[in-house]
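The active site, proton acceptor feature in TrEMBL is assigned to ASP34. Per TrEMBL, active site, proton donor is recorded for ASP174. Under the heading substrate binding site, TrEMBL lists SER7, HIS65, GLY141, PHE142, GLY143, GLY144, ASP174, GLY175, GLY176, GLY196, SER197. Among the features that TrEMBL reports, divalent metal cation binding site is placed at HIS32, ASP34, HIS65, ASP174.
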Amino acid sequence: MIKIAPSILSADFAQLGKEIIDVEKGGADYIHVDVMDGHFVPNMTIGPLIVEAIRPVTELPLDVHLMIENPDQFIPDFAKAGANIISVHAEACTHLHRSIHLIKENGVKAGVVLNPATPVSAIQHIIHDVDLVLLMTVNPGFGGQAFIPAVLPKITRVRELVSETGREIDVEVDGGVNPVTAKQCIEAGANVLVAGSAIYNSPDRGNAIASIRGTV
Ligand code: DX5
Ligand code: ZN
């Protein structure tokens, strides 16, 4: 029921394939890929070439988190590269409904992301169209930041909205997730937990994943 999505942002990029296999063996459910453009967030990371390169390494779904301006321009490229889920920020999409449908037209599951300061009402009218809602529990841009507890009531509100649809929609959280904050997020209604530093900074990734899932 609870899925763990290690963020490769905190992995050793010189050995990215090995780092992905390591968390797959450790029980990961998704591989979370953080795409940053230096405009929407103050950092630059991964493009479609890297997604294409890691696609044959794992059978796990690639959960691609686009922290970029004008995401419509790159959605087809990430879909072709092998993404299984593509999420766009509500704050980056002037025509959010169009972006969500562009993702689906490319044969990929569609997610919408909210920054900590963006209210849940921003996605009320798109909830029926998405497969995943991602709530940022840090301001996006970097791994290793502290969890923002004020997001917890938003998780519960999104879970209520999802229940009203009667559809299976993932409620994912991202940022500052560790065994303690993971428990709070699960209690609030999240079922997918992204974790970067808490998994990749641990020498035993399987143990870190189990601790976040709450099974050790
Ligand atoms: C933040 C990214 C996160 C990040 C999480 O901008 O979207 O996915 O890698 O890292 P931790 O778990 O270290 O906060
Ligand atoms: Zn992310």
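Numbering starts at 1 and runs along the chain as it is shown here.
Cβ coordinates come from backbone N, Cα and C, glycine included.
Predicted, not measured: the structure shown is a model, and the values here were computed from it.
Positions of TrEMBL features highlighted on the structure.
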{"residue": "SER7", "record": "substrate binding site", "DSSP class": "strand"}
{"residue": "HIS32", "record": "divalent metal cation binding site", "DSSP class": "strand"}
{"residue": "HIS65", "record": "divalent metal cation binding site", "DSSP class": "strand"}
{"residue": "GLY141", "record": "substrate binding site", "DSSP class": "coil"}
{"residue": "ASP174", "record": "active site, proton donor", "DSSP class": "strand"}
{"residue": "SER197", "record": "substrate binding site", "DSSP class": "helix"}
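Note: the Cα of HIS32 (divalent metal cation binding site) and the Cα of SER7 (substrate binding site) are spaced 5 Å from each other. With the fewest other C-beta atoms within 10 Å around its C-beta, SER197 stands out among the binding-site residues SER7, SER197.
Neighbours of HIS65 (divalent metal cation binding site) among the recorded positions ASP34, GLY141, GLY143, GLY176, SER197, defined as a Cα within 10 Å of its Cα, are ASP34. Taking each Cβ in turn and tallying the other Cβ atoms within 10 Å, the top scorer among the binding-site residues GLY141, GLY143, GLY176 is GLY176. ASP174 (active site, proton donor) sits 10 Å from ASP34 (active site, proton acceptor), taking the Cα positions as reference. Within 8 Å of the centroid defined by the CB atoms of HIS32, ASP34, HIS65, ASP174, the record's divalent metal cation site, lie the Cβ atoms of ALA5, SER7, LEU9, VAL33, ASP63, SER87, LEU134, VAL194, GLY196, excluding the listed residues themselves. Its Cβ placed at the centre, HIS65 (divalent metal cation binding site) has 27 other Cβ atoms within 10 Å. For ligand 2, the recorded positions lying close by, meaning a CB under 6 A from one of its atoms, are ASP174; the full candidate list was GLY141, GLY143, ASP174, GLY176, SER197. Cα of ASP34 (active site, proton acceptor) to Cα of SER7 (substrate binding site): a distance of 7 Å. Residue pairs drawn from SER7, HIS65, GLY141, PHE142, GLY143, GLY144, ASP174, GLY175, GLY176, GLY196, SER197, the listed substrate binders, are separated by up to 17 Å at the Cα level.
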